[in-house]
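Encoded as structure tokens, the structure appears first; notes follow it.
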Amino acid sequence: MGPVKEAVVINIEEKLITNTMIKKPLWGPRQPNNYNRKQNCAVLDGGSSWLWNDVGCHLNNIHWICQFKPRVCGSPDRNENTTISNHNFTRGSVISYDCLEGHQMLNDTNRTCLNTGLWSGAAPTCKY
């Protein structure tokens, strides 16, 4: 976990290793400083109230968090007046939403547990 600077571009951007842009990083005091022009990774620094600090990517005394593919998705969100018919939340599984009696489904009824551990699409809405 942590941002990596894109060193090959002139305007340096900060991105998480998931390639998500960091909109407003909360850097520690006098950070980032790119000490010796070799600090292209960053950590949350407990000595600086858990603000970001740039560090060298080669450091081996830092306990890096390894990436892994989640095996399951979390509990899917559910809007009012809906129920979920399948409670298998493993990757690749599909859940179906149903409306309470007398209500009409306004969106897609199915969602898939993606390899990212997130559910596809959005929870459907049921209206009376």
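For all residues, glycine too, the Cβ spot is worked out from N, Cα and C.
Feature annotation from TrEMBL assigns domain 'Sushi' to 71-128. Averaged across the domain 'Sushi' (71-128), pLDDT in this predicted model comes to 94.
According to its DSSP assignment, Cys126 (disulfide bond) is in a strand. Taking all protein chains in view, 20 other C-beta atoms sit within 10 angstroms of the C-beta of Cys126 (disulfide bond). If you look up TrEMBL, you'll see Cys99-Cys126 marked as disulfide bond.
Remark: Cys99 (disulfide bond) has Asn81, Thr82, Thr83, Met105, Cys126 as non-local neighbours, by Cβ distance under 8 Å and separation of at least 6 in sequence. In this structure, Cys99 (disulfide bond) is part of a beta strand by DSSP.
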